[in-house]
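The feature transmembrane segment is assigned by Swiss-Prot to 7-27, 50-70, 88-108, 119-139, 143-163, 187-207, 213-233, 298-318, 335-355, 384-404, with sequence analysis given as support.
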Amino acid sequence: MQLGFAMLADPILLITILLGFAMAWAIGANDAANSMSTAVGAGAITPRQAVIIAGVLEFMGAYFFGKTVTETIRKGIIDPSKITDPNVLIFGSIAALIGATIWLVIATKYGLPVSTTHSIIGGIVGYGIVYGGMSIVNWDKMIKVVLSWILSPIVGAIFAYLVFRALSKTVLQSKDPVKSAKRWSPFWIGLAFVVIGTMFYIKVLHGNSLLEGFLKYGMPAGILTFIVVSLILEKRFPATDPYLGAERVFRRVQVITSAYVALAHGANDVANAIGPVAAVYTVAMFGLAGAKVPVPRWILALGGLGIAIGVATYGYKVMETVGKKITELTNTRGFTIDFSAATVVLIASWLGMPISTTHTVVGAVIGVGLARGIKAINKDIVKDIIISWFVTVPAAGVIAGIIFKALMMLMG
């Protein structure tokens, strides 16, 4: 449906559209910046190249692969059956957007990578408690969210630590690095593309069968990549220094893995910005309220554009934190982080475990750093990041609760 005069004449809907765009911008500045942080930190691409690539792919992911039906209340975190008044859903959505956006802007200002999903959940819980008390919150779901704070970075760190140790042993520290790099690099890169292909089916195309994704996309992508990389390395190893040669092999691949992360992020996390907009749009235009609502393409475009602009204008702060401040990254370390984070998220999706991509990426960065010893980690930065994770839900919730209360009193 096109943006008509009647729609634009509705001030509440117009405000919600602007807030949704602001939230999308904040997602781009914070969460989307994660997709390119390791590539920038390892020197695979420049920050300018990173924001262009991330911006284009985030928009493509949101517009072409974003879900056309979204939840009005993310993750079923509060009971929608207890919200019978459409005005509550409208003002609650506005309050949740404001709460989440303000917190994301604060976190981004200090270069802290936080979860946008947790931010919008915090906003929803905040207005939900103000409206219906503690009983309106689905505490079983909330416990799963809290568990994801703990599980995501730990699992990401352990997996990345083990992968990097294995990669170092097979490629970087062998007796004949050139021979080992030619033999093992295609294996590791092919394995990464098995995960990427399968994840593309699950996360971007929103498929339900992990086995189908593995057979249709993952396995063919992995085998093809293995063959291509093997042929290239057999003909020409890209350096006289074997260590630098191995790093250059993984540099090219790291750009591809980071680009995939950006595409998948746009497809998935755009819902955090446009879900509340779609809810208000449906109520305003059709007088309908429900647990799920259709999402017009123009709303997906709005979200994708906001994310792209957010990456381009303010994404450098979080990129710098994740890519440079936690630990020193090389191309093999950056590849390990992307591969580990994607694999952990894929396995978690298969098992139905709650997991945060942001927390997993940061955990993987820490794990790679720990593989070189505890002194390789900037402990002060890690401490600040962990504190920000635990503050995210309550901070967004308190802001949203105050905004919701003020709106309800104002509109009487």
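Placement of Cβ uses the backbone N, Cα and C atoms for every residue, glycine included.
Contact between the transmembrane segment (143-163) and the transmembrane segment (335-355) holds: at least three of their C-beta pairs are under 8 Å, each pair 6 or more apart in sequence. Ranking 7-27, 88-108, 213-233, 298-318 by CB pairs under 8 A with the transmembrane segment (50-70) puts 298-318 at the top.
Taking Cβ pairs closer than 8 Å, the transmembrane segment (88-108) reaches residues 12, 15-16, 19-20, 22-23, 26-27, 29-31, 72, 114, 116, 119-120, 122-124, 126-128, 131, 272-273, 276-277, 279-280, 283-284, 289, 314, 317-318, 388, 392, 395-401, 403-404, 407-408, 411 in its own chain, all 6 or more past its ends. Within the same chain, residues 181-182, 185-187, 189-202, 207, 249 sit at least 6 positions outside the transmembrane segment (213-233) and bring their C-beta atoms closer than 8 Å to a C-beta of that stretch.
Between the transmembrane segment (187-207) and the stretches 7-27, 119-139, 298-318, 335-355, 384-404, Cβ pairs under 8 Å are most numerous for 335-355.
Counting same-chain residues at least six beyond the ends of the transmembrane segment (335-355), those with a Cβ under 8 angstroms from any Cβ of the stretch are 38, 144-145, 147-148, 151-152, 155-156, 159-160, 163-164, 167, 188, 191-192, 195-196, 198-199, 202-203, 210, 250, 253-254, 257-258, 260-261, 329, 361, 364-365, 367-368. Under 8 Å from some Cβ of the transmembrane segment (119-139) lie the Cβ atoms of residues 23, 73-79, 82-83, 88, 91-92, 95-100, 103-104, 145, 272, 275-276, 392-401, 403-405, 408, all in the same chain and six or more residues away from its ends. Sequence-distant contacts of the transmembrane segment (384-404) (same chain, at least 6 residues past either end, Cβ-Cβ under 8 Å): 91-92, 94-96, 98-100, 102-103, 106-107, 110, 112-115, 118-127, 129-131, 145, 149, 153, 321, 326, 359, 362. Panel annotation: around the transmembrane segment (7-27), residues 90, 93-94, 97-98, 100-101, 104-105, 108, 116, 120, 269-270, 272-274, 276-277, 280-281, 284-285, 299, 302-307, 309-310, 313-314 of the same chain, lying at least six beyond its termini, place a Cβ under 8 Å from a Cβ of the stretch. Here the transmembrane segment (298-318) has long-range neighbours at 1-3, 17, 20-30, 32-34, 36-37, 47, 50-52, 54-56, 58-63, 66, 68, 108-113, 266, 269-270, 273-274, 277-278, 281, meaning same-chain residues at least 6 beyond its ends whose C-beta is under 8 angstroms from one of its own.
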